[in-house]
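Undergrad: Pasting a structure here, questions to come.
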């Protein structure tokens, strides 16, 4: 029988709540944490989110008859309690893949975290996880190069890489900035880095910074015989300016550039990743602004989702937190999104906050970057937590060394190599780390001084965004 139009307002659950639906392999699946308004039933709130993030609007419209609404609509198919919190619940929603433009994380986010987050039917809403089917993953280019290609480019194997963010982050002249880069690379680091807010300010224009940094890299490479790099931040006011800076970095021989993927935008990031792939340049990604989106446990976007989006959009490195440093990061959750960044197939694991299986197919992984308030005493834990496919970045933990930048870099290199050697010999370095470092410091005065300088420095603040109680 032909469908007929009936004007008016219906409850969302009449159309979008489908508890008997079995998700398809090609569906994009989302888990939302919903805090409904008082008096709104869970099924109605879940259906409202499914509607507003897919095909629905506040009233029936006659143009629904011009399409197959039953095919295109999002479907709220399951509800679960949030352990330890009866003010909210988990809603699982399935979206047909045809709702989204191929290869466009911009389009995915416009639907999943668009107008629905201002919806009056809910008091708070958080996107906890997304399952991207392999059919969608294959439409995205992902990391420009990936872990193995980067190791081959940099000729570094069998250990984490070492980095350092140049400090003070703002105010240095280009010449003094280049001097700091040289000292750190000459001292033993693999990479140095622009801070996320270093772009092209009056005290240091981008072109002068790029030139002095490349002079520093070339000199450090000649003296050490090792490949070196510096993350030249090409984030800019416009895409045109961003590509202009990227082209110049390539022209002068820079092996790696950098982008602030959230503040710079997903469209810009996807385009830059494609440029890096085409031009043989590595891409470091900073997550500036992520905590605005992911730190509130009831509203926003969980960082595991931002990790997945970055892997689809493209980047060879991503800052992931440190667990042990100054920045937010629960250990189990952090290990979960590190796997999402690096591994090919990740199983659902609620103990690590992973709500879905995720298959990346042959898409390469990216390096996890640990950065923020770390020093040599953290090295055993960092090597244990992050493993070899990571970049451990010590900013103040390098530049704050009493003997200067080169000594700070040397201390970190000695500590890293001691921990990797001990680990390879079967030592439980996270437990025996003090002994490992003390032994190494006996033949490294730089490490000994670093250990004395930072032995009392800890960041023992409770994590705000924890895993829900019963998931641990």
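Here the Cβ of each residue, glycine as well, is placed from N, Cα and C on the backbone.
This is the feature table in Swiss-Prot:
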type	residues	note
BINDING	115, 165, 169, 287, 319, 371	substrate binding site
ACT_SITE	167	active site, proton acceptor
BINDING	193, 195, 196	Mg(2+) binding site
MOD_RES	193	N6-carboxylysine
ACT_SITE	286	active site, proton acceptor
SITE	326	site 'Transition state stabilizer'
Undergrad: C-alpha of residue 196 (Mg(2+) binding site) to C-alpha of residue 169 (substrate binding site): distance in Å?
TA: 8
Undergrad: Could you state the whole-number distance in Å separating the C-alpha atoms of residue 195 (Mg(2+) binding site) and residue 169 (substrate binding site)?
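TA: The Cα atom of residue 195 (Mg(2+) binding site) is 6 Å away from the Cα atom of residue 169 (substrate binding site).
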Undergrad: For the recorded Mg(2+) site, whose residues are 193, 195, 196, find every other residue on that chain with a C-beta no more than 8 angstroms from the centre of their C-beta atoms, and list them by sequence position.
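TA: Output for this site, in sequence order: 165, 166, 169, 194, 197, 198, 231, 233, 258, 286.
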Undergrad: Given the recorded positions 167, 169, 193, 287, 319, and counting only Cβ atoms in the protein chains shown, which has the most within 10 Å of its Cβ?
TA: 193
Undergrad: Reported as an integer number of Å, what is the Cα distance between residue 167 (active site, proton acceptor) and residue 319 (substrate binding site)?
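TA: Cα-Cα, rounded: 18 Å.
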Undergrad: Which binding-site residues are spatial neighbours of residue 286 (active site, proton acceptor) here, meaning Cα within 10 Å, out of 115, 165, 169?
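TA: So the list reads none.
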Undergrad: May I ask for the distance between residue 319 (substrate binding site) and residue 193 (Mg(2+) binding site), taken between their Cα atoms and rounded to an integer number of Å?
TA: 12
Undergrad: Quick one: pull the CA-CA distance for residue 287 (substrate binding site) versus residue 193 (Mg(2+) binding site), whole Å only.
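TA: Between the Cα atoms of residue 287 (substrate binding site) and residue 193 (Mg(2+) binding site), the distance comes to 14 Å.
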Undergrad: 115, 165: which of these binding-site residues has the sparsest Cβ neighbourhood within 10 Å?
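TA: Result for the binding-site residues 115, 165: minimum number of other Cβ atoms within 10 Å at 115.
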